[in-house]
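Working notes for the structure below.
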Amino acid sequence: QGIFVLGLPYALLHSGYGGLFLIIVAAALCCYTGKILIACLYEENADGQLIRVRDTYEDIANACCKKLSPKLGGIVVNVTQVMELIMTCILYLVVSGNLLSHSFPYVSVTEKTWSVIAFVTLLPCVFIKTLKIVSKLSQLCSLVHFIIILVVMTYCLTQLHQWSWAKFRLSIEFEDFLVSVGVIIFSYTSQIFLPTLEGNMKNPGEFRCMLNWTHFFACVLKTTFALTAFLTWGEETKEVITDNLPSFLQTLVNLCLLTKALLSYPLPFFAATEIVYACISKGNHSNYSSPLLALGVRGSFLLLTLLMAMFIPQFALLMGLTGSVTGAAMTFLLPSLFHLKLKWKKISFVEKCADISVFTLGFLCSLAGIVCSVKGILDVFG
């Protein structure tokens with residue numbers, strides 16, 4: 001449950017009843033692509049048992065492109081993954097600076113300076129070596145997230161007398177709807193982390209069950225939250241729903257959001273540094289056999305995210321463009337393409353049709369997002 005959830009009520013404002021349907025469909029699609037991606041890690045042995053023969057997204061890509069070029073697929077996937085993860089980390093730093101400046105407006109400090117202060121609290125990330133530490137931080141992140149959701153929904157329930165289904169739109173603007181599609185779909189994306197997550201589970205056999213339940217609960221939470229918030233504020237719904245709260249609640253929620261942003265940083269940070277380190281050491285990186293090199297990679301990455309957060313102009317538009325390309329590719333295009341390539345002879349006709357449909361949908365979403373982002377960039381630069 002990422003910060004994207006706070007934009008779901010605004011997405012409903014522009015998508016109406018279609019947005020509610022899309023929240024459910026997006027959960028099913030992202031759950032499905034997660035499963036087929038993990039299926040690509042396994043092959044049957046002579047006895048018909050499934051054996052994990054690949055460990056990463058890169059390994060899957062290399063297996064699909066081995067006839068064309070042994071390492072081409074892995075390079076494309078790694079570049080795409082690292083781009084998205086870097087942008088995610090930068091976004092958390094930018095958001096942290098923004099939240100601090102809004103929480104303490106009486107302190108004469110610029111937003112960039114607040115980002116540096118937030119960065120200092122993230123320095124211990126250079127010592128993260130295992131996913132276990134990240135999982136504990138993610139648990140705290142989830143707890144903070146539920147506090148935010150609880151505060152917003154409790155306030156909304158106190159305004160129950162103002163609710164009206166008439167606030168939902170029946171007619172929608174196509175461009176506005178595309179924005180809503182991006183927010184809703186990318187609030188579910190987790191495919192980048194799934195191979196690492198499944199590989200670190202005590203019982204990987206429970207992965208599919210875990211994916212079903214997490215996407216089900218995510219869908220219920222997103223639908224309930226988006227619906228209650230939109231019914232409360234209607235046409236006045238803002239891009240980030242916490243901005244609609246009265247001032248006495250905004251400071252509390254902003255500080256919770258700041259905590260969430262800082263606790264969210266380690267997961268994409270860990271995933272990105274693992275990819276980069278594996279590429280540098282050519283996969284020979286069990287337990288970080290070269291501690292100095294590992295520390296250097298993590299330290300360099302940490303500094304890079306700060307510098308980019310401080311100096312990249314029009315970051316929001318760049319993030320939108322990157323998300324449209326990398327997000328759709330990693331979530332829809334590549335999992336369905338890889339599954340078709342590696343499992344073509346073993347999957348049913350229905351599964352083939354499902355993969356082709358997901359690929360087509362992902363391509364259209366990516367194309368629409370790129371067009372909207374490029375249009376926004378051209379508008380800014382005249």
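Heads up, the Cβ atoms here are built off N, Cα and C, so glycines get one too.
No curator has checked TrEMBL annotations; they are predicted automatically.
Feature annotation from TrEMBL assigns domain 'Amino acid transporter transmembrane' to 1-372.
Among residues of the same chain six or more beyond the transmembrane segment (20-42), those with a C-beta under 8 A of the stretch's C-beta atoms are 8, 12, 50-55, 57, 59-60, 63, 180-181, 184-185, 187-191, 194-195, 198, 207-208, 211-212, 215-216, 218-219, 222-223, 226-227, 331-332, 335-336, 338-339, 342-343, 354-355, 358, 361. Annotation comment: TrEMBL describes 20-42 (among others) as transmembrane segment.
Panel annotation: around the transmembrane segment (75-94), residues 57-58, 60-61, 115, 118-119, 122, 192, 261-262, 264-265, 268-269, 271-272, 275-276, 279, 301, 304-306, 308-309, 312, 315, 318-319, 322-323, 325-327, 329-330, 334 of the same chain, lying at least six beyond its termini, place a Cβ under 8 Å from a Cβ of the stretch. The annotation transmembrane segment is assigned in TrEMBL to 75-94 (among others).
Cβ atoms under 8 Å from those of the transmembrane segment (114-131) belong to residues 93-94, 96-98, 100-101, 196-197, 200, 258, 261-262, 265-266, 269-270, 287-288, 294-295, 298-299, 302, 306, 309-310 of the same chain, restricted to positions at least 6 beyond its ends. Here TrEMBL flags 114-131 (among others) as transmembrane segment.
Taken from TrEMBL, the feature transmembrane segment applies to 143-165 (among others).
The annotation transmembrane segment is assigned in TrEMBL to 177-197 (among others).
Taken from TrEMBL, the feature transmembrane segment covers 209-232 (among others). Within the chain carrying the transmembrane segment (209-232), a Cβ under 8 angstroms from the stretch's Cβ atoms is held by residues 1, 5, 8-9, 11-13, 19-20, 23-24, 27-28, 30-31, 34-35, 149, 152-153, 155-157, 159, 162-165, 167-168, 187-188, 201, 241, 244, all 6 or more beyond its ends.
The transmembrane segment annotation in TrEMBL covers 252-280 (among others). Within the chain, the transmembrane segment (252-280) has long-range Cβ neighbours (under 8 A, six or more residues past its boundaries) at 2-3, 6, 56, 58, 78, 81-82, 85-86, 88-89, 92-93, 95-96, 99-100, 102-103, 118, 121-122, 125, 128, 131, 133-134, 137-138, 140-141, 144-145, 147-148, 151-152, 192-193, 196, 242, 245, 288, 293-294, 297-298, 301-302, 305.
Per TrEMBL, the feature transmembrane segment maps to 292-312 (among others).
Per TrEMBL, the feature transmembrane segment maps to 318-338 (among others).
Positions annotated as transmembrane segment by TrEMBL: 358-378 (among others).
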For the transmembrane segment (292-312), sequence-distant contacts whose Cβ falls under 8 Å of one of its Cβ atoms, 6 or more beyond its ends: 86, 89-90, 93-94, 97, 112, 115-116, 119, 122-123, 125-126, 128-129, 269, 272-273, 276-277, 280-281, 285, 318
